[in-house]
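Feature list (source: TrEMBL):
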- 17-77: domain 'HTH iclR-type' (DOMAIN)
- 78-263: domain 'IclR-ED' (DOMAIN)
């Protein structure tokens with residue numbers, strides 16, 4: 001799917017800087033090519049002509065955000081500074097880290113905090129048991145589709161139904177595994193169930209061999225500001241064990257984080 005740098009914003013703001021938008025869209029496009037991309041591939045992805053794309057890429061190379069290796073362009077480590085500026089501006093994630101670390105001392109799983117960014121969940125804090133063998137390479141800053149993840153469904157449950165439909169309608173609902181729910185009607189029913197139960201489960205819907213359970217993190221207004229989940233390989237925890245054993249522990253960690261009174265205003269997904 002193309003990421004048109006000229007059409008995706010739809011803004012009428014006269015102060016809008018189109019060249020900045022194009023540069024950021026180019027960075028996002030390169031993020032989909034972990035092994036690097038040619039000028040033609042990036043040009044097609046951002047839906048700009050080759051000459052414009054070349055100028056954008058070479059500018060990013062000069063700034064240190066992109067590396068060039070012959071005809072290939074790849075994101076450079078410096079691009080992480082853009083994301084870490086956000087993380088460092090939110091001290092709640094740092095304050096929550098000891099609670100995550102403590103949880104992992106007694107389990108074989110991982111525990112993470114995520115927020116909604118458009119139709120994706122972005123990981124803002126994470127801890128992993130030293131004894132676990134996790135199949136997915138997930139770090140702070142990783143992104144996953146909101147519809148297939150337990151945290152994503154918790155985050156969506158805090159939005160009005162009209163907005164949920166708008167978020168899900170803005171993307172292609174792809175089956176990441178044979179278990180992934182891709183029907184809009186089924187997803188809406190699942191999200192309604194999350195509201196009733198207060199938690200969400202993803203049973204091998206994002207990655208085969210991994211199941212997770214998530215609960216909301218609410219700010220002082222009671223809005224869902226983030227989500228907290230714990231994930232296990234399927235051989236370590238059944239779905240029943242997620243609810244009976246790990247849900248109470250997860251809610252205990254959530255209560256400690258909420259007691260910090262530092263959670264931000266709700267991220268609406270737009």
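Using the three backbone atoms N, Cα and C, a Cβ is placed for every residue, glycine included.
Note: TrEMBL annotation is automatic and uncurated.
Here the domain 'HTH iclR-type' (17-77) has, by DSSP, the following mix of helix, strand and coil residues: 36 helix, 10 strand, 15 coil. Across the residues of the domain 'HTH iclR-type' (17-77), the predicted structure has a mean pLDDT of 91.
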